[in-house]
Amino acid sequence: MSHELTTGPLWTGDYYNEGSGKEGLDKLKEECGVFGVFRHPDAASLSYYGLHALQHRGEESAGMCVSDGSQFNYHRGMGLVKEVFTKDLMQTLTGDISIGHVRYSTSGDSKLTNAQPLVFKYRDGDLAVATNGNIVNAPTIRRELEQSGSIFQTTSDTEVIAHLIARSSKGLVEAAKEAFQRIVGGYAFLIMTNDKLLVASDPHGLRPLTMGKLGDAYLFASETCALETIGAELIRDIEPGELLVLDADGLHEDRFDHHKHRKALCAMEYIYFARPDSDMNGTNQHAARKRMGSRMAIESFVDADLVTGVPDSSISAAIGYAEQTGIPYEMGMIKNKYTGRTFIQPSQELREQGVKMKLSAVRRVVEGKRVVMIDDSIVRGTTSRRIVNMLRDAGATEVHVRITSPPFKNPCFYGIDTPDSRELIASQLSVEEICREINADSLEFLSPDGLIASIQGDNQDDPKGGLCLACFDHDYPTRLDFGGEEKFGCSC
Ligand code: SF4
């Protein structure tokens, strides 16, 4: 028996700015952030502050769905959390269970219809779904569902899980287990009905998801910084393959996957994505990045007058490099924090004339100096070349680039928006060639062993340290062969 889903008008407002980061910079894009609340009378306000703390994971849209036990109150919109949720609107989001989402979209796909949570009507009431990650075999499942009559409302893969649940003849929890057993990928899911919350992490734990408590209420967040923001106590990370069910009887710890897979939390969370004040697997991000910088100094020391880090994500590593070498850390670059969302971006011509909206070199600091520039990754190489040239234009006599990750050679299938390998400079050129391409005096990357040791310390039980390193070593933790229909990037 099939149970079709229906969607109503799920959002209001039409505000949309093209996000920054699209004016030719080639950083990897953060994926999405999720935040869930179970049984707190002010679920919407907690979600607002939680999502605000997760804003760095997605700036294009934000959404929240709250249940008062009998009906959903929800809103989604394009823009930042503070733009999407006005004071008046927040007063309409009453209830004590909620799921929320912030999102970056993949290119060409920044549509409001894909903003989350997605909300559906199904046979047992209302269903809302929010996810962070990517379902690799979504195209295959979607085609099968469409051939058997399902009508999709969005291009988001998140809808696949809703259809799988809706078409099952089993109850919600068993239907969700079946659905998770069917999908392959890296994901953290929050699924809400009028009186239940389901929380799941993929069998390898690729995407981060953590649980906290505030009084008797349970909280779930992509990063611990969101729990910290609202004063919640951190309980633990959600385990790979785990399915938590929260209902009137409280928390039930269950699993949808009983096989033993290797744990593979995304290494890029530690290198770049997560906020420095977040902890994952018990490791603080700032501390891990400092160790990466320190290890980088041991692996590839270069004599220089100062160390500087590309703000903001590489500052911790630059401090680590400086501490290890004794070369002073200086603020050689400044990031303009107010370029986040703007209607006006400089034209190519103005950019070539030197209009810099995001990043500036501090001439008085770098002029006449030999500079070690720490960055977290090189994707296409265009940003690195621009930054090196910017430091040279400001008077740096030498620029030595140190990257606190191994060469990024392979696309991500688990929720990070990456170009395909032909556009990844490290898959096309040698380190020496990249060095010339970005106009640096020297270039070195952190070794895989150095990266693992920096994140996991002395825990050498697993040679990969419980991490996914596939974009560096091509060892993808899941199968990817779905008849050429597999999908990479981000589907949240
Ligand atoms: S392939 Fe790279 S970016 Fe993707 S989950 Fe693995 S480590 Fe993270």
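Glycine too: its Cβ is placed from the backbone N, Cα and C atoms.
Heads up, TrEMBL stuff is auto-annotated, nobody curated it.
For the Mg(2+) site that TrEMBL gives as ASP375, ASP376, the extra residue drawn from SER313, SER316, SER442 is SER313.
When CYS225, CYS412, CYS435 are compared with the [4Fe-4S] cluster site residues CYS266, CYS468, CYS471 in TrEMBL, the one appearing in that site is CYS412. Close contacts with ligand 1, defined as a Cβ under 6 Å from any of its atoms, occur at CYS266, CYS412, CYS471 among the binding-site residues CYS266, SER313, ASP375, ASP376, CYS412, CYS471. CYS412 ([4Fe-4S] cluster binding site) carries neither a helix nor a strand DSSP state and counts as coil. There are 28 other Cβ atoms within 10 Å of the Cβ belonging to CYS266 ([4Fe-4S] cluster binding site).
Spacing of CYS266 ([4Fe-4S] cluster binding site) relative to CYS32 (active site, nucleophile) is 14 Å (Cα to Cα, whole number).
Each of the binding-site residues CYS412, CYS468 was scored by the number of other CB atoms within 10 Å of its CB, and the largest score is that of CYS468.
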